[in-house]
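Q: Annotations for this protein, taken from TrEMBL, read as follows:
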ACT_SITE  Lys17  active site
ACT_SITE  Asp151  active site
BINDING   Pro109, Val110, Ala111, Gly112, Gly113, Met114, Ala115, Gly116, Gly117, Ser118, Ala119  ATP binding site
DOMAIN    75-159  domain 'GHMP kinase N-terminal'
DOMAIN    227-295  domain 'GHMP kinase C-terminal'
Amino acid sequence: MTAQPAPRIATVRVPAKVNLALRVGAPDPGSGYHPLATVFHAVDLTDEVTVRRARRFSLEVTGRFTEGVPADETNLAWQAVVLLRHHYRQTCGVRTPLPVAITLEKNIPVAGGMAGGSADAAGALLAANEVWGNELTIEDLRDIAAELGADVPFALLGGNALGLGRGDELSTVLARGQLHWVFCVSPEGLSTPEVYRAFDRLAGWDQGPTMDTIEAWETPPEPPEDLLQALRSGDAVEVGQHLENDLQEAAVELQPGLRETLAAGADVGALTGIVSGSGPTIALLASSHDHALDISVGMAALRPEVEVFVASGPAPGARVVSTRS
Ligand code: ATP
């Protein structure tokens with residue numbers, strides 16, 4: 001049997017995420033990383049990453065959200081391809097994987113707490129691996145993804161997953177049915193490091209460990225068992241009762257308008273509202289797709305400055321949707 005030649009172009013679709021629970025512990029005094037216990041949920045709000053063989057490396061950004069996305073080597077998708085190329089050289093002995101041109105079709109809000117940059121990095125890994133002949137396995141790609149950032153491995157995996165450690169120690173979560181959402185995107189983004197700094201200040205972690213706090217400091221957060229149980233039941237009302245986000249207070253402090261968006265969500269009948277990840281996107285939970293549509297109409301009237309999207313999950317992780325030779 002002759003091996004198929006590698007395609008010249010590959011397009012990968014990759015989902016945004018919302019954290020159904022985000023428990024954050026005290027920062028490690030050495031690395032500054034916060035230990036997490038989080039439940040990731042991938043939703044069908046997706047970016048598309050196209051990688052094609054080219055004479056030199058380049059990156060183009062298209063789609064609904066282009067503002068604030070760097071079109072150079074600082075883009076996470078570009079960094080992903082550079083790191084993958086390094087692994088091709090080291091692991092596969094391929095001396096010069098050809099340069100590639102990357103196109104991002106961005107539908108995931110930028111700096112919105114939905115891990116759009118991480119999604120693009122995961123998409124770029126998968127797409128570049130295709131055009132370079134699939135020399136690395138999905139397990140290899142997962143390891144490389146973890147080097148790129150804590151949210152990148154989940155963007156490859158998708159579905160529902162418990163994330164421990166920095167959020168990159170993943171295990172799949174069993175869940176029944178679909179959850180329906182309305183995502184409310186603020187006109188201004190939030191910087192994730194800034195939200196963590198505000199969180200540390202509000203929690204008193206910025207003072208460093210003391211005799212009184214040393215035990216809490218050294219205890220990593222526990223997995224959210226009640227939420228995991230609710231996900232197994234498949235009951236959206238019950239899931240809604242157990243959504244939680246330790247970063248919410250910090251995000252709301254930095255963007256006080258989020259309080260009004262959350263209140264408007266309650267007014268228009270959402271089951272629950274929560275800040276997505278480090279914010280500022282607000283995720284409103286609905287009981288059905290039609291309910292989500294009703295909520296989105298209500299939100300557009302009450303908060304016209306906020307963009308709304310209806311989406312549902314769990315959605316699959318990064319996957320190749322087309323290739324061309
Ligand atoms: P997270 O939820 O993982 O904290 P986020 O969704 O809040 O992330 P991103 O959209 O990933 O935030 O972008 C954060 C910043 O990263 C942007 O402001 C931008 O400067 C930079 N960036 C680099 N690459 C990308 C990319 N491919 N897409 C979006 N932003 C990118």
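Every residue, even glycine, has its Cβ placed from backbone N, Cα and C.
Annotations in TrEMBL come from automatic prediction, not curation.
Quantities reported herein were computed from a predicted structural model and do not represent experimental measurements.
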Q: How many of the residues that make up the domain 'GHMP kinase N-terminal' (75-159) does DSSP mark as helix, as strand and as coil?
A: 50 helix, 8 strand, 27 coil
Q: Relative to ligand 1, which of the recorded positions Lys17, Pro109, Gly117, Ala119 have a Cβ found under 6 Å from one of its atoms?
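A: Result: Gly117.
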Q: Taking the Cβ of Lys17 (active site) as the centre, how many other Cβ atoms fall within a 10 Å radius?
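A: The Cβ of Lys17 (active site) has 31 Cβ neighbours within 10 Å.
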Q: Using the centroid of the Cβ atoms of Pro109, Val110, Ala111, Gly112, Gly113, Met114, Ala115, Gly116, Gly117, Ser118, Ala119 as reference, list every other same-chain residue with Cβ within 8 Å of it (recorded ATP site), in sequence order.
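A: Leaving out the recorded residues gives Ala16, Ile108.
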Q: Any idea what the model's mean pLDDT is for the domain 'GHMP kinase N-terminal' (75-159)?
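A: Value for the domain 'GHMP kinase N-terminal' (75-159), mean pLDDT as a whole number: 94.
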Q: What does the structure give for the C-alpha distance between Gly113 (ATP binding site) and Lys17 (active site)? Integer Å is fine.
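A: So the Cα of Lys17 (active site) lies 8 Å away from that of Gly113 (ATP binding site).
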Q: Nearest by CA distance to Lys17 (active site): which of the recorded positions is it, out of Pro109, Ala115, Gly117, Ala119, Asp151?
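A: That would be Ala115, nearest by Cα distance.
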Q: Which one is it: of the binding-site residues Pro109, Ala115, Gly117, whose Cα lies the shortest distance from the Cα of Asp151 (active site)?
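A: It is Ala115, whose Cα lies nearest.
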